[in-house]
Structures are given as structure tokens and as C-alpha cells.
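What TrEMBL records for this protein:
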- 1-66: domain 'PglD N-terminal' (DOMAIN)
- G55: substrate binding site (BINDING)
- H122: active site, proton acceptor (ACT_SITE)
- E123: site 'Increases basicity of active site His' (SITE)
Amino acid sequence: MVIDILRADPKIELVGCIDKDPSLRSVARLPVLGDDSLLAGLHAQGIQHAFIAIGSNRVRQQLGQQLESLGFRLVSAISPFSWISDSAQLGDGVAVMPGAVINAEAKIGRLSIINTGATVDHECDIGEACHIAPGSALSGNVTVGKGTFLGTGTRVIDAIEIGPWAMVGAGSVVTRPLPGRCTAVGVPCRVIKLRTDD
Ligand SMILES: CC(=O)SCCNC(=O)CCNC(=O)[C@H](O)C(C)(C)COP(=O)(O)OP(=O)(O)OC[C@H]1O[C@@H](n2cnc3c(N)ncnc32)[C@H](O)[C@@H]1OP(=O)(O)O
């Protein structure tokens, strides 16, 4: 999906993917150049930009720090079929997939994913390395802490606060604040686990 979006951007020339699987030759017709050990050399050869297309919020956040410490700048992959308000603010390295809508004065933290058809309404504040899965709908003034995952079709009523590294099950309707590092599911959404991991 990210390759499709980046290919549609005339300012971007894709040179290849990095992957830890040595048997992988290409992804969506883009060659796999090798594993992470190539990164420093690629940067030295003049490749200045990278995008991290990894689903795990924690791994994406860690790789973001690693790439920036090597000197890469993180580009964003914004689908031309999404809609983003002029007054919204997006951090570096975000993915905004087709059909996503980001409304007025919303903030999207670096390395977050706003997936297919998800809507983030006015003045929402989404932290770093979050994933708002397909078809989710966040009403106005919702705050989502860093690293949090909202499963497919999550609904959140307005002005709710969800803590960092939370996991919200697909189809949940969040009507009360949720603590950090919880797993919560259902309609209405209830906490079923408090975790120590990210
Ligand atoms: C483009 C893309 O593909 S983006 C990826 C999109 N992916 C998703 O949206 C996946 C979302 N993931 C889920 O909903 C998962 O079920 C999770 C994260 C909530 C599961 O968390 P786990 O900690 O593994 O929970 P587990 O599977 O053990 O289930 C615990 C209980 O919650 C229930 N449960 C799990 N998910 C849900 C859900 N979405 N809604 C309601 N109940 C649920 C289970 O039935 C189980 O109930 P039981 O104890 O009565 O049997």
C-alpha cells in the first residue's frame, strides 16, 4: 500500500526496499536491496529519505529513531485519495491511506498510520506511532496516546482520552476514557487486560 502511494507522488523516486528476509526479492515490483545492515551505506551513497512500512507500532517507533540517527529524513505517504484539512498538523513518516479524512486542527504524531477510510475529526490529537485501523471513526477532540492501536472499525465518541500503548479491539465503541497499556474490546468498550508490554 505504501509503495502504491509513494509511486503516485511525482516528487519521489523509489530505489528499493530493505527487509530482514533474505529470500525476499521484491515487493510490489520494487527490488529488495538487502537488510538493515545496508542502511548506513545507502545513506552515504546519497539516499536521504526513508519510509518505515511496518505494522508494529513499537518496532516502527524504534526504527524511526534508528533511521534518524543515521541521518535519514522520514517521508510521509499521503494517498491522493485522502482528505486532510489545511489546519491539520502531521508529523514526519506518517501514512494516510485512501479514503482517510483528517479534519480541522487535528494533530497526527510522527510515524502514525491513518488507515483506509478512517476518519479523524476536528481537534483530535493522535500521538506518535499510533495505528488507526481501517474504517475507524474518531469524533472531535479525541486524544490518543503514543503507540496506541485502534482496531478496524473502532468508534470513539467526542472528547475521549485513550492512553499510550493501548490496544482497542476491532468494532469497539469507546464511550469512556481508556488507560494506557490496556487491551479493551466491545460495545461499549471495556478493559479486558492491563499489560506491562508495549
Ligand atoms: C489493513 C489492516 O489489516 S490493519 C489491521 C487491523 N486489525 C485489527 O483490527 C485487529 C484487531 N484485533 C482485535 O480485535 C483482537 O481480537 C484483539 C487485539 C482485541 C485481541 O487481543 P488479545 O489480547 O489477543 O485477546 P484474545 O483474542 O485473547 O481475546 C480476549 C477476549 O476478548 C474477546 N475479543 C477479542 N477481540 C474482540 C473484539 N474485537 N470485540 C469483542 N470481543 C473481542 C475474545 O472473544 C475473548 O473473549 P473470551 O475471553 O470471552 O473468550
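Even glycines carry a Cβ here, placed using N, Cα and C.
Sequence features, as recorded in TrEMBL, placed on the structure.
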| residue | record | CB count, 10 Å |
| --- | --- | --- |
| G55 | substrate binding site | 11 |
| H122 | active site, proton acceptor | 18 |
| E123 | site 'Increases basicity of active site His' | 18 |
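Here the residue listed as 'substrate binding site' is positioned 25 angstrom away from H122 (active site, proton acceptor), judged by their C-alpha atoms. Residue counts for the domain 'PglD N-terminal' (1-66) under DSSP (helix as H, G, I; strand as E, B; rest coil) come to 25 helix, 11 strand, 30 coil. Reported as a whole number, the C-alpha separation between G55 (substrate binding site) and E123 (site 'Increases basicity of active site His') equals 25 Å. For the domain 'PglD N-terminal' (1-66), the mean pLDDT of the prediction comes to 97.
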